[in-house]
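TrEMBL annotations:
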DOMAIN    81-419  domain 'Peptidase A1'
ACT_SITE  D99  active site
ACT_SITE  D295  active site
TRANSMEM  583-607  transmembrane segment
Amino acid sequence: MGRASFTAAFTIVSFVFILINYDVVSCLCFSNSSHRTTMFLPLFPPKDPSYRSSPSRRLLQKIPPNARMALHDDLLLNGYYTTRLWIGTPSQRFALIVDTGSTVTYVPCITCKQCGKHQDPRFQPEMSSTYQPVKCNIDCTCDNEREQCIYERQYAEMSSSSGVLGEDIVSFGNQSELAPQRAVFGCENRETGDLYSQHADGIMGLGRGDLSIVDQLVEKHVISDSFSLCYGGMDFGGGAMVLGGIKPPEDMVFTNSDPVRSPYYNIELKEMHVAGKALNLNPLVFDGNHGTVLDSGTTYAYLPEAAFAAFKNAVMKAVHSLKQIEGPDPNYKDICFSGAGSDISQLSKAFPPVDMVFTNGKKLSLSPENYLFRHSKERGAYCLGIFQNGKDATTLLGGIIVRNTLVTYDREHETIGFWKTNCSELWGRLNSSPPPPTLPSGLDNTNSTGSMAPTLVPSGSPGYNAPGEIKVGFITFYMSLSVNYSDLKPRITELTHLIAQELDVNISQVHLMNFSTKGNDSLVKWAIFPAGSANYMSNAAATEIIHRLAETRVRLPDTFGSYRIFEWGIEHLPKRTGWQQSYLIVVIAFSVVLILGLSALLGLLIWRRRQGSPLPYERVETVVREQELQPLT
């Protein structure tokens, strides 16, 4: 859908859907541009906003655990971020779009007669020993036979998803301290439009509503009423997500988010500054319609007409030294500039800072990567990623605004917090490590060979090892890519991030061991080391990584060409003999004594020199000590 026609389509589709009385929850709109994929704000709120009706969520006596989950894909290339969710026993993995505007989580079902080809196999209820259909009741819409609950979702681009509701064990990955939980989700029997053609399997609903995965976990008292998203920066993609509360950094900037004002996650935006100067706008310009909405289901940012005109003029005035050029797609009148260079870290020298000021006086400072996207046809050129929202008075702030920003949706206290950070290094900066979770009692966690269940990363002292386990030092594997050395070398950092995301490990664990070329192909040897300061990784974690490598679960963007992974293996830690251990102790002791002795001798020389008489005055013509090579005059 073109940008200019969005408002008209909004009005027409709204009228049609109101007549049909569908329970429309979110809107995913993807442009047809070859270089751009766009997602838009949901059209309608849930019919029954009873998400705050239960007082039980405020009666938590202690801080529950949380679920740490990696984000994958690239916001501007894919139009969305996905996370991995495991459903069933044995578990089946799915790549789901993270959407704060949706209130239901759904995946394609094996019985689906009209579902596209997605990233992972469809869900097979009969293969899960813990699956149960949600039977028809007065709180749900039932099928024609009035046997099972169903769901139907319509989207602005006339995409749709419908199916039955089921309940099963949901697992959150091996970085999560939250144990697997039972949850209700949708099992698709039909999908149309962009939902049919997208690469991702389905949707993970983080919005407000009884079917939201967040609301379900809060009602079970297993997480606090909060979640956080952290989107990767320009050219890196990926990121991190936390279901549940975290200790906010001291310098996190908060703004109110009133659930009564809008069913979406809104913030109280008052002013925008460009290059330190406030835009000449009425503060009410950001409070029209739904107000200012923060939505992970929107790729770019969209301002009301007056606000966009003021923002565009201020930016163009600040970048007068750059050359304005045409955008990469003639279907859009993008505002683009060349001459800024390809180094992202230097963009702030060419483009102005932008500040978003909230009603409490706090402000969120945006770097150029938060309002620009890279020109796809001209090197060193960038375009504005903030557009006019037609005639709609709503301010939409999509994922581009919060790249490399931790965003905490504290629903319990009705606030949203922002903290600028490197999302690829989020866990290290937060300086916390979750303990291993325990499975719910009576849960059968048997793994299948076709779909490995998420394993749990060990934490705490690395000295413990279960009887019979092998101490895995690190895992190695080779990757062959049909990309030549000159093209691949500048993208090694990006490739490292992608491998870490696909193997569900920290970026610090992935090490490049060797690099060689043959013709136009490249051969890279990688090693996956234990997390943190651990000397080895658990057998369970090592097995999960090997399964991902063996089952070709590592998916790279098409820009890396064709690739192949082979010769993966485990490097064991050598077991030291008693003689080797004693020898090591002797060497360390000798080194300590030697260092102490040299330090004492050096101290004695300095003391004796200070006690002696000063050197006598000598004429310039005299060859003095330490000056034998000085020419005489």
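Backbone N, Cα and C define each Cβ position, glycine as well.
Note that this is a predicted model, so its numbers are computed, not measured.
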Please average pLDDT over the domain 'Peptidase A1' (81-419) for the predicted structure. 92
Using C-alpha atoms only, work out the spacing between D295 (active site) and D99 (active site) and round it to an integer in Å. 7
Using a 10 Å cut-off, grab the number of neighbouring Cβ atoms around the Cβ of D99 (active site), all chains included. 27
